[in-house]
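Annotation comment: TrEMBL describes GLU17, GLU50, HIS53, GLU94, GLN128 as Fe cation binding site. Annotation comment: TrEMBL describes 1-146 as domain 'Ferritin-like diiron'.
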Amino acid sequence: MISKKMQNGLNKQLNAELYAAYLYFAISAWFEGENLEGFAAWMKSQALEETSHAMRFYKHILERGGEVELFEVKKPEAKISTPLEAFQAAYEHEKKVTQMINDLVDLAEAEKDNAAIYGLLNWFVSEQIEEEDQTLKVVEKLKMIADSKQGIFMLDRELGARPLPASQTIVNPGSGED
Ligand code: FE
Ligand code: CA
């Protein structure tokens, strides 16, 4: 059984993962408008992956006999006018998510909830290392490229190679690469 405090923390994180999906869908749409389809595809894949993160919380809460509570998802607020700003927004957001996951680990420790720590949050601690690393690498490449149209074109090609997550992975997370 899950404590009320833990349940509330996990429901808030479920919401934060859905907000991340919203943010990345918004950024993806911005890239589409710029005809940067590779960047757009990468962000869309990331948005879908965020929904699979939300589903991990959803599944865990229910498995632990808790109640899933769906809060309102706020409107994404990022103002984007360059690819660099888009990836900086993603990187900044991932740092916030890392802090939220760390806070949840602290809460789970206080609640002595080993199931949450080892059955759920442990995976997210590693995942956040990947998320920060991936977004920061693109930020750094974009800084290197600066205003080179050719550089942007090549990076668009490179990022466009990222496949969309399988729908099974989104609905039933843990069964694929995310
Ligand atoms: Fe996430
Ligand atoms: Ca990931």
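From the backbone N, Cα and C atoms, a Cβ is placed for every residue, glycine too.
Among the binding-site residues listed (GLU17, GLU50, HIS53, GLU94, GLN128), GLU17, GLU50, HIS53 have a CB atom closer than 6 Å to some atom of ligand 1, in sequence order.
Here the Cβ of GLU50 (Fe cation binding site) has 25 other Cβ atoms within 10 Å, regardless of which shown protein chain they belong to. Taking each of the binding-site residues GLU17, GLU94 in turn and counting other Cβ atoms within 10 Å of its Cβ gives the largest count for GLU17. Each of the binding-site residues HIS53, GLN128 was scored by the number of other CB atoms within 10 Å of its CB, and the largest score is that of HIS53.
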